[in-house]
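Let me begin by presenting the structure, written as structure tokens, before commenting on it.
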Amino acid sequence: MAVKKLLLLPGDGIGPEAMAEVKKLIAVMNTQGAGFETEEGLVGGCAYDAHGQAISEADMEKALAADAVLFGAVGGPKWDPVPYEVRPEAGLLRLRKDLELFANLRPAICYPALASSSSLRQEVVEGLDILIVRELTGGVYFGEPKQIIDLGNGQKRGIDTQVYDTFEIERISGVAFELARTRNNHVTSMEKRNVMKSGVLWHEVVSATHKAKYSDVKLDHMLADAGGMQLVRWPKQFDVIVTDNLFGDMLSDVAAMLTGSLGMLPSASLGAPDPKTGKRRALYEPVHGSAPDIAGKGIANPLAMIASFAMCLRYSFNMIEEADRLEKAISAVLDEGYRTSDIMSEGMKQASTSEMGDAIVAKYRG
Ligand code: NAI
Ligand code: MG
């Protein structure tokens, strides 16, 4: 079986604590013949401390050569004073840019055991399993001009520019349609074509891409503001949502919070398929940050990192059975009452980071 090259970048704060639990899983899978070959690198504040950069050229090389990157978290107050160009977050931005990770996948899954702790009614979220596909490298966060102009009359003008080209919309909607085929075959595209030219183009290109290559998938269009409303009204109507960078930033945060704690939320960022091998560049990371307030205490919730690894199995290695098994293990361990402190509630079993990881490993092994 071909070797699967994984680069682990645990980063700062609770990043390494969460990554340690994934390493346990990798070890178990390797005893079952998975064939993971792991390398480790530095990113963020720890990389800055080691060599004055948020990620070294050598580690960038490793990231480019890997089949997938697993990323923990970066940052913390210790590095607040460091120069802007080498701040910890610069490491993540460099990875996203150099690997051309244009598709950000944020699932919102509601585990039955946690449904009662959602801010929405239990029946609205129970069993929820939707996927938001956010365009990550274009749109208003990157469009030019982007500046603040002094108008000279005591007024200033702040300008950001929403720009999308056909190819950017084609490739992100292609990712959404392909993922929908592996799920419930339904894509909802969200923009604001009623007030934005880029929204008119978005609608047009998504429709054309659908017609040309994915007409077996059900496609709906929704204005993004209405989409936000529908997400909190009846989120189970969705399967895959595809949207731009700005709307995706907000809608994915809303969708994520339907389902519970920051410590539970995984993500994937995918690039274009290699023309020769068909393999996509990919980086998997929890949505949460380095949580300096709890770092070093052994109490961080490792499930977001573990669920990110499950996404890695699914999307980078087509290990669907293993991914399903790992996701079921998370659900089962929660059903049994294991809780790290961020999701603790009365009558449940308090677990440390490593106790939670061990419980998942035991369940996964079966
Ligand atoms: P954060 O996500 O690190 O923490 C927010 C709150 O959630 C804290 O109270 C934390 O203890 C809790 N929390 C987060 N993850 C948890 C987990 N797995 N288990 C239990 N509790 C958890 O966000 P914050 O505090 O805004 O940022 C802290 C640092 O992380 C900053 O330096 C920030 O720049 C960085 N950051 C890095 C990100 C990344 O590496 N992708 C993303 C977000 C923030
Ligand atoms: Mg955000």
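Cβ atoms are placed via backbone N, Cα and C, with glycine included.
Here's what TrEMBL has on this protein:
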type: BINDING; residues: 76-89, 289-301; note: NAD(+) binding site
type: BINDING; residues: ARG96, ARG106, ARG134, ASP225; note: substrate binding site
type: BINDING; residues: ASP225, ASP249, ASP253; note: Mg(2+) binding site
type: DOMAIN; residues: 5-360; note: domain 'Isopropylmalate dehydrogenase-like'
type: SITE; residues: TYR141; note: site 'Important for catalysis'
type: SITE; residues: LYS192; note: site 'Important for catalysis'
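For ALA291 (NAD(+) binding site), the same-chain residues 6+ apart in sequence whose C-beta sits under 8 angstroms from its C-beta are GLY13, ILE14, ALA73, ALA300. The Mg(2+) site is defined by ASP225, ASP249, ASP253, and by the 8 Å test on Cβ atoms against their centroid, the other residues of the chain that qualify are ALA224, GLY228, LEU246, PHE247, GLY248, MET250, LEU251, SER252, VAL254.
Fewest Cβ neighbours within 10 Å among the recorded positions TYR84, TYR141: this applies to TYR84. Here the Cβ of ASP249 (Mg(2+) binding site) has 18 other Cβ atoms within 10 Å, regardless of which shown protein chain they belong to. Note on the domain 'Isopropylmalate dehydrogenase-like' (5-360): its mean pLDDT in the predicted model is 95. Cα to Cα, TYR84 (NAD(+) binding site) and ARG106 (substrate binding site) are separated by 28 Å. Ligand 1 lies under 6 Å from the Cβ of the following recorded positions, listed in sequence order from TYR84, ARG106, ARG134, TYR141, ALA291, ALA295: ALA291. DSSP assigns ILE299 (NAD(+) binding site) to coil in the three-state reduction, placing it in neither a helix nor a strand. Ranking the binding-site residues ASP80, PRO88, ARG106, ASP225 by the distance of their Cα atoms from the Cα of LYS192 (site 'Important for catalysis') places ASP225 first. Ranking the recorded positions ASP80, TYR141, ASP249, ASP253, ALA295 by Cα distance from ARG134 (substrate binding site) puts ASP249 first.
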